[in-house]
Structure formats: structure tokens, C-alpha cells
Amino acid sequence: MALALLPQARDALRASPAAFAGCSNYSDSGVDHFNDPLFGDDGLSPASLGVVTVLCWIITSLAVSAGIGGGGLLVPLYFIGLDVPQTLAVALSKGTIFGVACGNFAFLWSQRHPHVDRPLIDYKTAVFMQGGELMGVVLGVLFNLLLPQARGVPRRVVIIMLSALVLGFNAYKTIKKGIAKRAAETKAFAAPEKKAARPAGAGEGDAPPPTLRQAVALEAEGKEGGDGSTGDGASEAGTSNVGSSANLVALDVQGNEALKKKILAAQARRFQPWAWALLGPMVTFFVVYSLLLGEIFDPDFTNCVVGYWPAYVSPFFFYGATTLYMARRNIAEGARMLEAGIEPVAGDIVWSRKSAGMLVPAAVGAGAAAGLLGIGGGMILGPIFVALDFQPQVGTATTGFMILFTAMGGTVKYLTIGKLSWQMFLWFAAVGAVGGQTGQRLVRRLIQRTGRPSYVVFLLGGIIAVAVVVMTSFGIQQAVEDADCGEDIWAPSTDQFVCEE
């Protein structure tokens, strides 16, 4: 439990021999950082604060453009640049990402899908994936604590290796997907030039320029038939007939016209009350759950109490129920769209029992990987959305929206238990909010000028690749320092599971 220490005790802890010896991970479990000043004699160095602020703005601007928070880069930045304890650096990173998400959402709130009349954020997918991700985080943290020693390799080193492997693979696949999307865009851009060279009156002079949907079809052609493909393979590659040369939204004239208008009107609304009605309780549950197991409500609520384990596994039932509800809701809406004659847009998920069944393990796996490796879910979910052929702008907007709620829950938890200084939080959350606004405007201008959404995919893959190098180097350095300071980095942590009374 986090207890507030007297100023003298805090100073003594900070001036401990371990701190002077360079033991960066010295224990500050009893230190209350809530009132730590930003300025003044006990605050941060003005020079360090200025440099870190600028770097924070750059990192958040780039990260939000790719739909992630940037925590993998912010934690080392705060730890090294501000010379604060690692626990405070982690909490401050979470607070910054919350600011990023707020600035990001302030921009995305009014943005529309590039090809149809509905919000840029895919709320159906966001709420569905959010429940599975939060359920997976609990599972991942459990695996993290119980990860056994592997062939004499320290437990922390195993986590570092897994992190480098998972994120490295994600970066590789994402960049590879970006190359494929760029090739499809280039081929689509070349199509109007060929048509313009044809004689007038050929019957295609008034045809609109290639759409993203046609670009996806061209990408499928390249995979199955090469440059000489006629495009027949494109219709076989996707479940939503994305290879068609029709408009992005094709409406079946034999569909239910009244139902069609009702569905399209509901999808076009900027505010989706049902999504917020579900996300609110999900975040509240996450905060209450964290504080309960953190012994904030009751210092005696330990693993020796009978009710501890039912409380520990409760997220699996709560988030499992919300995920099941969203799966049934999305499948039902998909059936209604089919009845109304509404064809899905290229990049949309065609909701069915099969697709929902495939996405549940993806969501839980993303959360488990995030909890196991101690990283943000954006670096896992972003590549998953890319692999699902999400429209890049929709994918980054959706992951950015999901980050808002996970970061909010983490920030509230860290502030409540005294692991986060409110002054530092306000400062860097504001910097993150500005970075979120800057990044979204820059990427929108880039896409408008170039017509290439693939740049978003390249940006995501590049940031993950940089994060792999930074996080791996930082993790190895920390493991070496902890070993030098006498910490047993070989043993798994079982304190949360073994009653010591």
C-alpha cells in the first residue's frame, strides 16, 4: 500500500546509499509523489525540464499520428532526462498519454470518414476490442509475475527478449504492409493517366478517380496475379467484395429502403451514446479494481482474505460479458445492414460469428501482450488493425480513441495512490495534448497533399521499430543496474499470490 511519508522521511529515502550508488530502481514504494513540486528547489531542473518538454512534444506529435501513445519512448525520456524514480517515470508517462489522448480526441471528435458519412472513429470495433484488451491486460500481468526462469536467463531479460521479439515482428509486418499499400496507391494513381490517354468518347472519360477501395483491389491483384492480373482475384480475397469497381458504398436497390435510411442515419451521428454508456462503466471498473487490489480501500484486503481471489478474477467475467454483448450487437447490426442492402466499405469489418470469434483472441492477445511486456496496447493493436486492412486513418483514430480510456484509468489510479505528481501531470499532459493536436493536423495535411494514407502505416511501423531499440537498450541497462544493486532479477514475483500470514 502506498503511504504518505513525512518530508524528512522522503528526503532520507531519496538520499539513501542506494540512490548515491546509482541504483536507479531504489525502493520508493512508500513515497507519496502527489505533491512533488514542478519548480523550485525541490522541483525539476529548469534546463532538463525545457529539453524534456520539447522532446515530449516531438514524441507525442509523431506517436499520435500513428495512433499510439508513445509510452515506450516517454518512460526512458523521463527516467533519464528528468532523473526521477522509474515508478514516477511510468506514472508520468501514463499521465502524458492521457493528455495526448484528450488532445487527439478533441481533434477526432469532429472528423468524418474519408469515404462515407460517418465518424472517423470506428466505435463498434473500439468498444468490442476495448473489453477484450482490458481482460487480456489482467492475464498478461499475471503471466509477467509468474514468468519462470528460462535456461538460466534472468526473468527480466526474458521479458526484454520477448518485448524485442514481439514489437520487432510487429514493426516488420507493419512496414511490409505499408509497402504493399503504397504500391497499390501508386497503381491506382496511374489508372487515370491511362484513361486520359484514350480517345474521347471511349465511355470512361467521366469516371471518378480511383478510390481507396480500388487501391485495395489493386493490392490484392498484385498479390495473386501480379501486374498482369485482371482483378478477378481481388473479389476472392475479401469477404466484402472489395474488388468491385462500384462506388465505395454500394446499395442494393432491392434492400429495405426504410431500414437502410435508419441505419445510415444512426451511423452518421457524431455522438454515439451507446458507446459511451458502455465505456464509462468499463473504465470505472478498471479504476475500482486497481485500487481494490492495491489495498487502497482496505489495507487488510490481501491474498489471505477469502474474497481476494473472486475479486481478482472478476475482470474476466465483467469484460467477458461486455465483449460478448458487443459481439452479439455487432453481428446483429451486420445482419441488419445486409437486409437493408448496405455493402460494407473497404476496410470495414464484416461482422459475423466467424469474424467476431477471430477478433476476440486478437483483442485478448493484444491486452495480454501489453500486460506481459509492460507496454501500451497501441503498439499491439495498431499492427493488428493494419493487418485487418483497416483504412489507415480509421485505424489510427480508433486506437487513439481506445487509448483515451485506458490512459484515463491508469492516470486516476496513479494519482489516487500518490505515484504521480499533480503538478508534473498537468504540465506534461498539457504538452501531450498540444502534441496530439499537432500530430493529427500534420498527418491530415500530409495525406491531403499526397493522397497516400500508407504514410500513416509507415509512421506506425517506424515508431515501433525505434521503440524496440530504445526499450531494449533501456531494459538491459536497468537489469544490469538492478543486479549491481543487489536485486534478485532471477526470481519470479509470487508476493501477490502467496499468503505470508
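Glycine too: its Cβ is placed from the backbone N, Cα and C atoms.
The region 'Disordered' annotation in TrEMBL covers 191-210. Residues annotated as transmembrane segment in TrEMBL: 54-81, 87-107, 127-147, 274-297, 309-327, 359-388, 394-415, 454-476.
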Discussion item. Between the transmembrane segment (359-388) and the transmembrane segment (127-147), are there three or more CB pairs that fall under 8 A, provided the residues in each pair are separated by 6 or more in sequence?
Written reply: yes
Worksheet item: Which stretch from 274-297, 359-388, 394-415 shares the most C-beta pairs under 8 Å with the transmembrane segment (87-107)?
Response: 394-415
Worksheet item: Are the transmembrane segment (454-476) and the transmembrane segment (359-388) close, by which I mean at least 3 Cβ pairs under 8 Å that are 6+ residues apart in sequence?
Response: yes
Practice prompt. Give residue numbers and ranges for long-range contacts of the transmembrane segment (394-415): same chain, 6 or more residues beyond its ends, CB-CB under 8 A.
Written response: 34, 64-69, 91, 94-95, 97-98, 100-102, 104-105, 108, 111, 113, 120-123, 125-126, 129-130, 133-134, 279, 282-283, 286-287, 290-291, 294, 347, 376-378, 381-382, 385-386, 422, 425, 443, 456, 460
